[in-house]
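What TrEMBL records for this protein:
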- Gly10, Ser11, Gly12, Lys13, Ser14, Thr15, Arg114: ATP binding site (BINDING)
- Ser14: Mg(2+) binding site (BINDING)
- Asp28, Arg52, Gly73, Arg132: substrate binding site (BINDING)
Amino acid sequence: MTIFLIGFMGSGKSTVANLLATDFIDMDAVIVDNIGMPISVYFERYGEPAFRQVESDVLKTLASSGQIVSTGGGVVSSKENRRILSESTSQVIYLKSNFSDLYARIMADKENVRPLFLEHTKEALEVIYESRKALYEMVATKTVLVTDKCPEDIVKEIQL
Ligand code: S3P
């Protein structure tokens, strides 16, 4: 069975996926392999809609992987992606947090500077967060509140 980890940027999807299985699939890394450049460069060159198309194509290929898959925070934006997530016989785990914690983590992550972070003010990013909240809930088969929890405890809750 495929297990998707979903949630906003900075919610710890990759860290938790790595603890669940060291051979987890990082969707963003698969996308980077496919496009042959960093996501931020792709965004700048081809725009967000082109990125979303690649993201959707990759999601389709991973739905039947039977692996632990950490997704990009925007995977729930499209109806088609939500259908894929809901229809596949997958578990979809939502790592839920509040915006201020997420923003602090996105800002602190110098290794992974997200294009949406560069392109938006804090207020605009919060609007995106608010618009996605219900979408994560909509497709999740399990929601784990990650605020003030270490990755190991989050993993324990997922495995309950
Ligand atoms: C995005 C999140 C990123 C990456 C891209 C777009 C988003 O993934 O897919 O920059 O729209 O929220 P992470 O959630 O792993 O940072």
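Cβ atoms here come from the backbone N, Cα and C positions, even for glycine.
What you see is a predicted model, and the numbers here were worked out from it, not measured in a lab.
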Rounded Cα-Cα span from Asp28 (substrate binding site) to Thr15 (ATP binding site), Å: 13
Contacting binding-site residues for ligand 1, chosen from Gly10, Ser11, Thr15, Asp28, Arg114, Arg132 when the Cβ sits under 6 angstroms of any of its atoms: Asp28, Arg114
Spatial separation of Gly73 (substrate binding site) from Arg114 (ATP binding site) - C-alpha basis, Å: 10
Minimum Cα separation from Lys13 (ATP binding site), reported as the residue among binding-site residues Asp28, Arg52, Gly73, Arg132 that achieves it: Gly73
Neighbour tally for Thr15 (ATP binding site), based on other Cβ positions within 10 Å of its Cβ: 16
Neighbour-count leader, CB within 10 A, binding-site residues: Lys13, Arg52, Arg114, Arg132: Lys13
Alpha-carbon spacing, Arg132 (substrate binding site) to Ser11 (ATP binding site), which is rounded to whole Å: 13
Helix, strand or coil at Gly12 (ATP binding site) [DSSP, three-state]: coil
Residues Gly10, Ser11, Gly12, Lys13, Ser14, Thr15, Arg114 [recorded ATP binders]: greatest CA to CA distance in Å: 16
Inter-residue C-alpha distance, Gly73 (substrate binding site) and Gly12 (ATP binding site) (nearest angstrom): 10
Fewest Cβ neighbours within 10 Å, where candidates are the binding-site residues Ser11, Ser14: Ser14
Pairwise CA distance, Gly10 (ATP binding site) versus Asp28 (substrate binding site), rounded so that it is a whole Å: 13
Pairwise Cα distance maximum in Å, substrate-binding residues per record: Asp28, Arg52, Gly73, Arg132: 18
Distance from Arg52 (substrate binding site) back to Ser11 (ATP binding site), taken between C-alpha atoms, in Å: 20
